[in-house]
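Trainee: Got a structure here, written out as structure tokens. Questions coming.
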């Protein structure tokens, strides 16, 4: 970009700035650490910033971010390991299935490395397995909003530590609970959902006070990408542990990840603090840099705005985000929880092959999702796409792309290579939704982005526990291509409907209720109709802010 906004020192060159003489001495690198709209805040206290250089890599904030990344690797490892372990836990031969000589059942391969039946300890039906896999989300749905509020009041580092630590202890107790009774096992999974539900909003609250504005996108993406990386790591690792005799086979998948989580907690407790100012090992240089860059970005609790709930729940753009989020979560969790079962019962991969192939789609999702984020920002910054256009395009890629390939999977039959390829493309393309509806909350109301994410993430958790229940009901002991075809078609219908609603009602414009002086009784009505002048003005401000940081 060659387009640049005048610096604040240029704006005040004739007057000496709001603080009088000396503004021109403010370190230019420090001023570039703050969006151009906030430079006046720095200029207003120039005497304190004249010697503040930009603190680059490495710093304590980078170490904390890396530990956050590892925390989410642990979080998702403990969430998804059951998807693989349940294949080894269940005694498939003890469950009634349709006749394997049916023409709608894939034949067993001839090689000796592949098997379909495991002599596990438990004779759980498909319906019971669906309840077990989905019960985690009964707890998870209850604590998303709570986690954010607790983090804001007591510190994100404490809530994040409690969330990961408690989940780790419960993971260590999983083999005992499973062997005691199915009801105790389900209760433990609900408890894990309760504790893990705290982690995402807690980390978001922590990053808000730890990350300079111009590092925020890369830091947030980097930290939360640990969730997908944890999936990529845990699926094959769980497969190898379950197929071994180490610690009894499948229990090792819970003992190992639970123990790693406890070790992570010890390191996190030693290093993480609520704010940079409270960190005993952070350099004064880095503290000054973070503090200066966030001075006008982070509101103090007494400055927080009342949440306009009535306006939010009458906003069609908000509903567009919520509906699309729910639909995207349905396809994500159908594949996350049921893909290992499909690979085992339909395509007859052994558990090692199963776990590796289950991880492959999520590696594609990780790579494609991060790539889309950079492409999306480039297209917006260069003026090639408006915010609305970018969100609609990337959401459609992430929703309609998987729909096409899931239909293909439904009709590839027993061709294992083609089926895995189609599944990988479906999950990989789904990563584009992060650049679509995934960050659209900040487009319509950045002042309430955390609240909007808490609400939509809560309602979007409903498909997470409905998905395995629905699959269990549709399969109902009949592991055939026809039954799984119903699963794929239902998933396609849901994601196409969700994306259609998003395209129809989402517009990337600031909503009037985002403003501090918004009056709920003014009779204003939120509309999804396009306002070209408003969006053009928003885009111009965005381009100026972007160019000032280049």
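Along the chain as shown, residues are numbered 1 onward.
Here the Cβ of each residue, glycine as well, is placed from N, Cα and C on the backbone.
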Trainee: From the ranges 281-305, 356-380, grab the one TrEMBL calls transmembrane segment.
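Mentor: Going through 281-305, 356-380 one by one, TrEMBL gives transmembrane segment for 356-380.
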Trainee: Against the transmembrane segment (184-208), which of these stretches has the most C-beta pairs under 8 Å: 220-240, 318-336, 486-506?
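Mentor: Result: 220-240.
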Trainee: Report yes or no: does the transmembrane segment (220-240) come within contact of the transmembrane segment (486-506), defined as 3 or more CB pairs under 8 Å with a sequence separation of 6 or more?
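Mentor: Answer no: the transmembrane segment (220-240) and the transmembrane segment (486-506) share fewer than 3 Cβ pairs below 8 Å.
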Trainee: Determine which residues of the chain contact the transmembrane segment (252-272) at the Cβ level, with the cut-off under 8 Å and only residues 6 or more beyond its ends counted.
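Mentor: 63-64, 67, 70-71, 74, 77-78, 81, 84-85, 157, 160-161, 164-165, 167-172, 174-175, 206, 234, 237-238, 241-242, 244, 246, 281.
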Trainee: Which residues of the same chain, at least 6 past either end of the transmembrane segment (318-336), have a Cβ under 8 Å from a Cβ in it?
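Mentor: Distal contacts: 80, 83, 137, 231, 312, 361, 395, 398-399, 402, 406, 423, 426-427, 430, 433, 436-438, 440-441, 444, 452, 455-457, 459-464, 466-468, 470-471, 487, 491, 494-495, 497-499, 501-502, 504-506, 511, 526, 528.
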